[in-house]
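Below you'll find the structure, written out as structure tokens, and then a few comments.
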Amino acid sequence: MDDAVGDLKQALPCVAESPAVHVEVLQRSGSTAKKEDIKQSVYRLLKRHNIVFGDYVWTEFDEPFLTRNVQSVSIVDTELKAKDPQPIDLSACTIALHIFQLNEEGPSSENLDEETENIIAASHWVLPAAEFHGLWDSLVYDVEVKSHLLDYVMTTLLFSDKNVDSNLITWNRVVLLHGPPGTGKTSLCKALAQKLTIRLSSRYRYGQLIEINSHSLFSKWFSESGKLVTKMFQKIQDLIDDKEALVFVLIDEVESLTAARNACRAGAEPSDAIRVVNAVLTQIDQIKRHSNVVILTTSNITEKIDVAFVDRADIKQYIGPPSAAAIFKIYLSCLEELMKCQIIYPRQQLLTLRELEMIGFIENNVSKLSLLLSEISRKSEGLSGRVLRKLPFLAHALYIQAPSVTIEGFLQALSLAVDKQFEEKKKLSAHV
């Protein structure tokens, strides 16, 4: 128990003078090296690079042992709360090493037989999953959403391990992310599950992520739906019983399950729908008592969620469309990737928004392209994160169609793709 509490203390934000720095070590899938040997080699690597600037990744190593056994060493999450990257003196920090290997099997389906039908009720991943690698870093938000969610879950686990009386201080291990479609709510839930599995790898051997298909749990015979919910949660309970696993239950578009109560009151749904709502709430109440489970939920239509469900959520976080500043970061990461793959060639240095601020947004040879990207970001406001990540592909497909392009040519194409996106939205709205 003391070791578990110690792991959690290390993973929580450090209040002491010596700040905690999290270092994620991705061990190669074929490697059988002992974690202790990898740990010592990584410590030597960090000693050789005493000062780093913000988040930093090593993929090439001087030591042959690291080259054979480690894919990457990453200093992570130093920029979640700081507005800008800061220099970090590793010798003055408490290093929290998290060594992990990715599961490459992909998702499996959890089926529930309902008479002659075979209902896919959930998708199931063993974490950390290769499918979600890099997802956390790709999600850009204006406020400290990611750090708040990390801190929340770490605190719930610490309170459980310290045996805090839940009758005196209540926490439910339920997170609700709400906001318009396409803002990355589901992706954030999956990325959070992956991040926590890695961060607590010394405490739990692996993670389990169950994404419940809330639409499938509604049988066309409402009287059967309550039974399906119970069946589904019985399978989840089996996973929770393994105390070496950290279990995440993701219920996407939770309003489709919980809106039934209000519809029933209005006479629009059969009374059996109430049983489904009650079954969901009862099952959540049962599994949330376990210290190794976190329930993650999303909703596109907040006002349609059952009040009894909303009350159970400890954190109700709104996830809105990205601001111009967040859009700039998203586009910048896309351009970096295209330059790395030499679709944009030759490579050119782009300034960050902070660097543009420092020079007063004055246009010169160094800042010209970055200012153009800033302008494109401003006119992209109103588009969802999902659409923004597609736009570089659409820009190339619609306006370039060549193996490589200069960054000037690509930015022109990106600007046209943004204009086209708003035109299409306008046409769709006119026909709705």
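The backbone N, Cα and C atoms fix where each Cβ goes, and this holds for glycine too.
Among the features that Swiss-Prot reports, N-acetylmethionine is placed at Met1.
Swiss-Prot lists Gly179, Pro180, Pro181, Gly182, Thr183, Gly184, Lys185, Thr186 with the feature ATP binding site, giving sequence analysis as the kind of evidence. The secondary structure of Gly179 (ATP binding site), as reduced to three states from DSSP, is coil rather than helix or strand. Taking the Cβ of Gly179 (ATP binding site) as centre and 10 Å as the limit, one finds 18 other Cβ atoms among all the protein chains shown.
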Cβ neighbour count within 10 Å of Pro181 (ATP binding site): 12
ATP site shell beyond Gly179, Pro180, Pro181, Gly182, Thr183, Gly184, Lys185, Thr186, criterion: Cβ within 8 Å of Cβ centroid: Thr298, Asn300, Ile319, Ser384, Gly385, Arg386
Residues near Gly182 (ATP binding site) in space but at least six apart in sequence (CB under 8 A): Ser384, Gly385, Arg386, Val387
Least Cβ-crowded entry, counting other Cβ within 10 Å, from the binding-site residues listed as Pro180, Gly184: Pro180
